Structure formats: C-alpha cells, structure tokens
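Written out below as structure tokens is the structure these notes cover.
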Amino acid sequence: MMNRLTTGERQAAMVLSGMVALAGFAMAIVGRGDPMGVHGWITLIFAGVLFFLVGNVLYGPEPTEDRSASYYDDPTKVGILLSLFWAVVGMGMGVWVAAQLAWPELRFDAAWSSFGRIRPVHTSGVIFGFGGNALIATSFHIMQRTSRARLAGHISPWFVLLGFNLFCIIAASGYLMGVTQSKEYAEPEWYADIWLVIVWVVYFVLYIRTLARRNEPHIYVANWYYLAFILVVAVLHIVNNLAVPASFGAAKSYSAFSGVQDAMTQWWYGHNAVAFFLTAGFLGMLYYFLPKRAERPIYSYRLSILSFWGIVFFYIWAGSHHLHYTAIPQWVQTLGMTFSVMLLVPSWASAGNALMTLNGAWHKVRDDATLRFMMVAAVFYGLSTFEGSFMAIRPVNSLSHYTDWTVGHVHAGAMGWVALITFGSIYAVVPVLWRKETMYSWKLVEWHFWLALAGTVIYVFAMWNSGITQGLMWRTYTESGSLAYSFTDTLVAMHPYYIARMIGGALFFAGAVIGAFNVVMTIRSAGHQAPQLDYPTGSEANEPAVPAAE
Amino acid sequence: MELTYEWTSAFAQSFGLIYLMVLSVGITVYAFWPSLGKRFDKAAKSILDDEDGPCQ
C-alpha cells in the first residue's frame, strides 16, 4: 500500500509522522503524572509506528501505475475496515454498558469500568469511531466518483483518516482515565480538540480541492451533504470547545462560557452534532448509494435540493429544545420547539424521496438485503425525525425529558437510521473497492439484516415502555399531594426493560460482528473481477500521467 | 454598541426571521426554476451511467 506513494510522498509522510511523534513526546514530558502524559505516549507510539511503516519502504521502487487511470481507494479501504473495527468495539461497549444498568455488579469494582467512563467510550466509539470513519471513507469514495476525478493528494487523505483515528483513540482512552469536559459528545479535552481542528481543516481543503478538479459540471447532491457535514461540524466543534486549559501540562480545562450560556452552547452543539454529524453526512451516503444500488435515479432531484437547504437552515436553531423548562429564556425554548417541528418537512422530504426512488424496484428490495438495509434506514429516518419533532414540543417534553424515551429515540436514529444506512453502504461499496464479484456470503448479509432489525425493534420498544413508565411514575401524586413513587420504585419497574434493551443491543452487536467477518472474508476469498467501468475521466485536470517524474 | 440581552434577542427575532424567509423563498425558486429541470435530471442520472461501474 505504501509502495503506491512516490519517494517524495514517502518523505513527506515520514516528516509528518515524525513531527506528530515529537509532539507526542513533548506532551509525554510536560504532562507526566497526568493523563495528558499517557496521551503523549499513545501519540508517540501511534505516529512512531506510522513513521517506521513508511520508512520501511522509503528506498523501495517508484510506483509505475498511471495515476490518471484510476481512483485512489487505499485510504477508503482502510477507512471501511477501521469503521468496522470501531463498530465492534463501540457496540460491544454498548452491550456492556446496558448490562451494567441491569446488573450493576458487572462493573467488577474497577474505577475505569464505571458507567460514567465506559458510556462515553460507547457513544464516541459508535458515533465518531464507527460513524466518523464510515463518513470519511464513503466521502472519499463518493467525491471521486461523482467528480470523476482522483483524490487531490496522496498524503492528505491519510492524514485525515489516521489523524481522526488518533483523535478517537485519545478520546476513548481518556474517558477510561476519567478525562472529560463533561459536555455530551464533546468530552475530549483541549489538546485533542485542537488536534481535531487541524485534521478537520485538512479534510475540508482536500474535499474542496478534489471538487475543483472535477470533470462533471454539476456537483452531485451527495457532495453538498458531505460538505455541510464537514463545514458545520468544524464550526460547532470550535465554538463549543472554546476553553482555557488550567495548565499546559495537564488535561483539565475550563469552558469559556458559564452557566446558561454554556448549556445553550453545548446543546446548540449537541443537537447539531445529531444534525450534521449523524444526519447530513449519512444523507450524502443515502443519496449516492441508494440510487446506485437500486439502479434508479433519485425520485426528485429538486426535492433533494430543497430538503438540503431546509435541513441546514432549520436544524441550526433547534438545539434549545434540549433545555425546555430550564433557565434559558422562554422565547428561546419556543424558538427551538418551533424549528424542531418545522424540521419534519425537510426530513420527511428526504425519507420520502428515498422511498419514492424505490417505488418500482420493490422486487429488488425483496431480493437484495443490501438495498433492504438502505430502505429500512430511510423508514427509520422518517420515524425518528417524526418522533424527534414530537418530543421537542414542550408539554410532550415534560413527560419524555430525562427518561429512557430519549434514549430510545436516540437509538431509533442511531441504530435504525445511521447504522443501517452505513452497513448498507459498506455492503454496496466493498465489492467495488476491492474489485470483487460479490460479497463473500449473501446469506450472512441476510443474517446481519434481520439481527440488526430485530435488535433495533426490541431496543426501541423496551425504551419506549421504560421511558413512559418512568415519566408517568415521576409525575404521579397521591391525594395528599406528595409523590406516589420513590426513585427506587421506578428503578424496579424499569429493570425488565433494561434486560430487554441489553438483548436487543446484543442482537445488533452480533449482526455487526457477522458483518465485519463477511467483509474480511470478501477481501480474502471472494472472486476477483476488474470492472469495465469505475475509472476517472481523463482530462487536463488530472494527475500527471507519470508520477515518477516529480 | 453594547452586546446586551435586549439587543441580541431583538436582532435574532428580526434579522433571523428576515434572512430565513428570504433564503427559503430563494432556494424554492431555484429548486423549481423550470429551465433548470434538464440540468437536475442529468445530475440525478450522472451517478448511474458514464464511466462509473455498476455496484454489484
């Protein structure tokens, strides 16, 4: 894989990884005795391994391939595999966290395994590790295909992918050591945040440069969603993580905002992380892989433009619905509620557009589990956006907030929509990337599909029951006006649902393990097939034909 | 000019409303402008044909 880089690129990669390794060493020294020092060592090892991997082939022969004749898919392939690795880690952690809620002794009395530490490993592991890697990998795939041009650069895609994974490792290992900013989905501390900004800016520049060399006049709608994902996540991440480190030799920092402003900033970030990390990028996947797999153009391209701008402009206002009945001004709560309800229009426009695309190809949905993954994802997208708009209405929120209903809603979105569209896209893209005739086993894809669907349905129903029970018990009063149930009473009532939730999660996890196995076996043993198509358009805008001449 | 609560909320409630209205009208007009139909149809089909190979 490194053999496909020119000597100049290998040198650049060594300089970059060497610099990161040195930065890690500096962190290890100034942060000794603090978790920051451990992170320094992790960075040093991570970058050091890369340094020697590239250094190993530094004096190898120059690549002879014609770069203008193919897409650059090596980073995409690694990204898909990393995404599956994180899926297994993150979902496995999720099953453990769920089991701890039903049987607390499964903490085994260690500090690092307490609920508060392993829960963010689960959330960051699936959102950033699984989802983020899948987004980066598929965006590399889609930006090249829709532009019919090769990636702009051979080092920057690796920097984005591996730099992002270093961030994920630092985040997950930090949680286990108790490092956190106490902001949901923004837990990593200041140095990890700064690193992610650097990685993200390179990602944005790479995307724009690849689009700039496109051989297709129109920028396909999937790219718009990916660009919104990259750009807005950068803005959200920078603003929400504005903080002053307590010292440059330790992990602890203090937010630049205080009190109500801090809460508002956090949930402006938090809800738009759902919007732009967990929705916009995955809609990009949907708008590319679903028409592709169904071999039908999207039902209404005009509607896709309209729903894109609707999502971009409405979502950014909706965050305050997380803070109903708190100290933020009433009109801000009403604003967030109103925009959340309006969001139903562009959300259902996208879900409906996807389903209408399949209208006339239902026999394919029946026969092809990969397409079925995408179809069910679109259905869950429609369901969970409806539920989200409903739950954002203030009186509904008074029942649902702080209960398991919220957890159920998040998982209807994360499992039913995000994970299913990702798995569908992975099954669609793996044979194309590795030049295989088909997946190793279509039966395993079927198994994965039904396990994932059963797991999601069990999970979501368990949490609906649990959440509504919990919410009603909290607001039940006796005739004398005191609360009818103690907090412990609600826990006893929730216990069976917590077991059901763990079973649902375990089924979903089993499906992901089967999926990872199927992908690995496809790479190792499925029949090879060089496609006649799937090559970039030759033009002046492409790479020089003979890279060795550099 | 001092950045007070009153000023910020007045700005959000006036300018925020105007720019959202203008943008939504603008985007709707763009998306449904009749002469752009051909371009959009071509874009929708572009991912299916040409060089790009079949996803099997």
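These residue numbers are counts, starting from 1, taken along the chain as shown.
Using N, Cα and C of the backbone, Cβ positions are placed for all residues, glycine too.
Site annotation (TrEMBL): Cu cation is bound by A:HIS321, A:HIS322, and the candidate from A:HIS237, A:HIS271 recorded at this site is A:HIS271. The number of other CB atoms found within 10 A of the CB of A:HIS321 (Cu cation binding site), across every protein chain shown, is 27. Taking Cβ pairs closer than 8 Å, the transmembrane segment (A:123-143) reaches residues 71-73, 75-80, 82-87, 89-91, 93-94, 151, 157, 160-161, 164-165, 167-168, 171-172, 175, 184-185, 187-188, 203, 207, 210-211, 220, 222-223, 226, 229-230, 273, 277-278, 281-282, 284-285, 288-289, 414, 418-419, 422, 425-426, 429, 432-433 in its own chain, all 6 or more past its ends. Beyond its flanks by at least six residues, the transmembrane segment (A:190-212) meets 27, 36, 39, 136, 139, 143-144, 147, 149, 151-153, 156-157, 159-160, 163-164, 166-167, 170-171, 174, 219, 223, 226-227, 230-231, 233-234, 237-238, 241, 243, 245, 251, 253 of its own chain at Cβ-Cβ distances under 8 Å.
A simple Cβ count within 10 Å picks out one of the binding-site residues A:HIS271, A:HIS409 as the most packed, and that one is A:HIS271.
Less than 8 angstroms from the CB of A:HIS122 (heme b 1; low-spin binding site) sit A:GLY90, A:MET91, A:MET93, A:GLY94, A:TRP96, A:VAL97, each of them six or more residues away in the same chain. Contacts between the transmembrane segment (A:224-248) and the transmembrane segment (A:373-394): absent, as fewer than 3 C-beta pairs lie under 8 angstroms at sequence separation of six or more.
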